[in-house]
């Protein structure tokens, strides 16, 4: 019986290992983590992450061939294949600060594997890592090998949160990169045999190590670039009276371009896009390619511009001040169908409004109040470090209230900002919301979910990203 162990029980490790356990009943899968609360949550009825379909998968396998444990060393020692799925945050100090990936957690995982191993192992990098990480890990393991043979593989994940279980059941591709040596090829085959239990062979791609590592960064950079492209167009649409939805529909009809990732919004979020592009920028700079680095930097610049443009629009429309005004925030997660708030545009929008002394009231169906308060009091990049290492600055507590209902959030508000495209926000009774708001009532739709004309008929002054501007907004230009 093959034994698999995954170090790191987060958004990648948990769902991936649960699906492997479900699809490969003959394989014993252990997910290990040093965080006791996290492992307890995986062993309870309230899993630590929300992902449609995940509950069912975990419940079918847990206790049979899927185990969650804090006994890291025991499971690593017994495993044939060790997946490493630990955080690779952006460095906040030292060489490469603000761009380079911090491989501290990765390196300590590799050293621990070398310390406890008594048999040959295949070590698989599953976290998003910079190119050439595998080489560094290989050096640590071989210099501490005590006669044990290690093979390093890169098997990046391409999951989209909110559809992760579907993505795992029916992946577009599974990418496995390894050394072009007999041992490396044998290791690739071993991992390929695991995925081949449910993934058609033609979808399992094998490459060298560097190609696999770079493909992950490149895929995320391309996706983020599409969002920044359509967001750049949205600013031009507002300036010219064009409608970004019509423009992106027309553009997406070109089969070479395709319709996905062309929705204008307040900006992209999530744990990978910004981090991976910063990483790509740093790698380009280190390899003497400043022009390439500069090119990818623009993707993040446009994303930051879009968020600050949204805040400026809100403040400018409301007589250039939101001080003391209640602003309702609908949606805090970075996209619908996930409780994940990492790098969500809502953080920058809320911070922008708070710096202008707004009173904000937030509703999100999946995000806890504790998480929102943490996010609003953390410095950039701190979210990606373990909780006990995150600095806690004083919270924005007094100016922020969190409620469990959209109608409570919007009651007596001067403005409503929609920052996550939850389906329920399309079905709200906007007439009821309007009646309970201060007038003039403003609706700032950062995800293009509302019917603009209907809301204008009700009486709202509506701003919807990339849509022709309300006469009111034309009189109150937002200076970026």
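Placement of Cβ uses the backbone N, Cα and C atoms for every residue, glycine included.
What you see is a predicted model, and the numbers here were worked out from it, not measured in a lab.
Pulled from TrEMBL:
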BINDING   8-13, 33, 38, 86-90, 127-128, 161, 272-275, 342  NAD(+) binding site
ACT_SITE  272  active site, nucleophile
DOMAIN    328-452  domain 'UDP-glucose/GDP-mannose dehydrogenase C-terminal'
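Taking the C-alpha positions, the distance from residue 33 (NAD(+) binding site) to the residue listed as 'active site, nucleophile' comes to 21 Å.
As a whole-number mean, the pLDDT of the domain 'UDP-glucose/GDP-mannose dehydrogenase C-terminal' (328-452) in this prediction is 90.
Annotation for residue 8 (NAD(+) binding site): same-chain Cβ neighbours under 8 Å, separated by at least 6 residues, are 31, 33, 83, 84, 85, 86, 87, 109, 126, 127. Put plainly, the binding-site residues 87, 274 were compared by Cβ crowding within 10 Å, and the winner is 274.
Residue 33 (NAD(+) binding site): 23 other CB atoms within 10 A of its CB, across all protein chains. Non-local contacts of residue 161 (NAD(+) binding site) by the CB criterion (under 8 A, 6+ apart in sequence, same chain) comprise 11, 51, 270, 334, 335, 337, 338, 340.
Residues in the domain 'UDP-glucose/GDP-mannose dehydrogenase C-terminal' (328-452) partition by DSSP class (helix H, G, I; strand E, B; coil) as 45 helix, 19 strand, 61 coil. Across the structure, residue 272 (active site, nucleophile) and residue 90 (NAD(+) binding site) are spaced 10 Å apart at their Cα atoms.
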